[in-house]
Amino acid sequence: PLSVSPAADPAVISPQDPTLLIGSSLVATCTVSPDFPLKAEDLYWTLNGRRLPAASYAALGPSTLSVALARLNGSRQQSGDNLVCHSRDGGILAGSCLYVGLPPEKPVNITCWSKNMKDLTCKWAPGTEGETFLHTNYTLKYKRRWYGQDNTCQEYHTAGTYSCHIPKDLALFTPYEIWVEASNRLGVAVSDVVMLDILDVVTTDPPSDVHVSRVGDLEDQLSVRWSSPPALKDFLFQAKYQIQYRVEDSSEWKVVDDVGNQTSCRLAGLRPGTVYFVQVRCNPFSIYGSKKAGIWSDWSNPTAASTPRSERVAGGCDPKGGEQNTTLRRELKQFFGWVKKHAYGCSNLGIKLYDQWRVWLQKSHKTRNQV
Amino acid sequence: GDSWGIFTFLCAALCNLPALPALNCSEELGAGQSIQQTYDLTRYLEHQLRTLAGTYLNYLGPPFNEPDFNPPRLARAERVPSATVDLDLWRGLTDNARLAANYRAYSRLLCYLRVLDGQVGTAELRHRLAHFCASLQGLVLSIGGVMSSLGYPLPAGPAGPPAPPGAHAAPNDFLKKMDDFWLLKELQTWLWRSAKDFNRLKKKVPPAVVTLRLEARGF
């Protein structure tokens with residue numbers, strides 16, 4: 001059963017909801033409304049649920065009690081510290097939210113990229129190493145150099161907390177000025193302006209349909225083929241590619257840099273009878289004839305293949321484990337060959353699928369170990 | 001436990017797609033089944049609210065997140081409909097009145113929650129609130145569906161936008177925190193009460209209808 005609620009607020013606190021710099025001091029007063037039969041000595045204060053010492057109180061009038069708070073720490077929660085004036089029995093008479101913190105620092109490290117010249121995504125880092133303790137708002141702004149209007153980015157958090165995505169209405173062949181404004185209750189900080197042309201920060205999708213296959217019986221070679229990313233057709237840029245590959249149980253990638261703009265490449269000098277993982281990525285360059293390179297795409301998903309091993313080689317330098325592996329693979333190949341002949345609808349089963357499975361197994365082992 | 005909740009929420013969410021209060025879902029299934037679904041939805045929401053309230057009260061900070069916190073309800077306009085009602089009065093409610101009270105209450109509560117969503121600080125809280133509002137919208141539609149299938153008219157809800165957002169706003173941040181606290185408390189009380197309301201309604205729907213439907217579904 002609720003007690004009868006009075007018409008007026010029982011008491012008033014001053015200052016109400018102030019904003020303060022860390023380390024500052026504050027004297028707050030609680031004045032009981034004349035309708036209430038309470039005196040200053042009937043009151044006490046709490047801050048975030050903890051009772052404040054009576055030594056910090058002072059009666060400023062018959063129904064006004066003050067409290068002195070010195071060297072305030074940053075707010076415990078971004079919604080503000082709860083400073084409450086209570087009556088003797090614990091009842092709440094009034095409260096005030098204290099916002100104690102620091103003004104924001106200039107956001108830094110603004111980096112942007114455009115997917116296929118269609119949009120622009122930028123990310124940045126907040127200037128402060130530590131916290132501001134106050135809710136800080138970030139706004140990304142951009143404008144065409146020499147042309148009036150500032151525009152504000154609307155889609156935030158697309159590539160992490162401090163990021164924003166501009167989906168359309170971007171002009172090419174014109175420099176843009178981009179900056180980030182950070183603001184909170186204590187102030188505003190503006191980053192340095194970054195100037196760029198969309199064409200300078202273009203990236204694209206990774207190559208698709210990456211196939212890795214053997215080169216006949218050659219034990220030390222693999223052939224890699226892929227399709228150029230679809231956007232290549234629509235825009236006037238060329239693509240250059242990079243391949244990286246590694247042996248199944250190594251984490252060291254070898255990079256092939258001089259692939260040029262071909263969509264195939266032969267890897268040589270490989271170890272026989274070994275499973276390799278291969279990835280390809282793409283860099284759009286010479287966009288509309290400029291000599292500059294763009295930004296490398298993500299790597300394609302790893303594709304696996306194995307180099308053949310001639311049966312006559314007797315063990316060689318492989319440890320016992322390697323031998324077992326070869327026997328297993330040989331048997332599996334024979335099994336799949338038999339399956340293809342005798343089972344219908346199993347045409348996808350083959351040594352290639354087995355290799356893909358091994359890639360997946362490696363990946364899931366890695367993530368399991370990372371946890 | 002959890003899978004039931006997800007199932008009922010999904011159904012409510014699916015029924016959410018047309019903006020009409022009459023659910024295709026419930027008309028097909030019959031009143032008995034929709035009452036059961038509505039009941040299950042209130043239990044699911046109750047569960048969701050526990051997590052949401054915990055996070056939100058921690059955001060407000062102590063003393064709001066202390067278990068024995070019980071601030072006065074100051075005399076400001078009675079915005080949030082109260083779930084507490086005299087026991088005899090509650091027992092004597094007609095089915096129509098019982099359903100209408102639930103429908104009206106959750107419609108109002110949804111409005112207030114949505115306002116909250118626009119103001120809250122952290123991204124995590126906004127995300128949880130948005131999710132909860134979607135579920136609550138599902139509950140309102142579910143209740144509407146039960147009413148329609150039983151032939152009752154929907155109460156003239158808080159039609160259109162309520163009074164301009166500034167009208168009932170708390171005059172200071174601390175009072176706003178108290179309003180938020182009471183909003184969550186009322187939501188909790190309503191969900192407790194609704195479970196009892198729908199339990200009662202379950203018993204009153206002709207059992208034949210319920211049995212037939214259950215058999216058809218092979219439960």
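Backbone N, Cα and C atoms are what each Cβ position is placed from, and that goes for glycine too.
Values in this document were obtained by computation on a predicted structure and should not be read as measured data.
Taken from TrEMBL, the feature domain 'Ig-like' applies to A:10-85. The domain 'Fibronectin type-III' annotation in TrEMBL covers A:106-201, A:206-310. If you look up TrEMBL, you'll see A:302-324 marked as region 'Disordered'.
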Legend entry - Segment confidence, the domain 'Fibronectin type-III' (A:206-310), expressed as mean pLDDT: 88
Legend entry - Within the domain 'Fibronectin type-III' (A:106-201), residues counted as helix, strand or coil by DSSP: 4 helix, 50 strand, 42 coil
Inset, instruction - Pull the DSSP breakdown for the domain 'Fibronectin type-III' (A:206-310) and write it out as helix, strand, coil residue counts. - result: 7 helix, 46 strand, 52 coil
Inset, instruction - Could you give me the DSSP helix, strand and coil counts for the domain 'Ig-like' (A:10-85)? - result: 6 helix, 37 strand, 33 coil
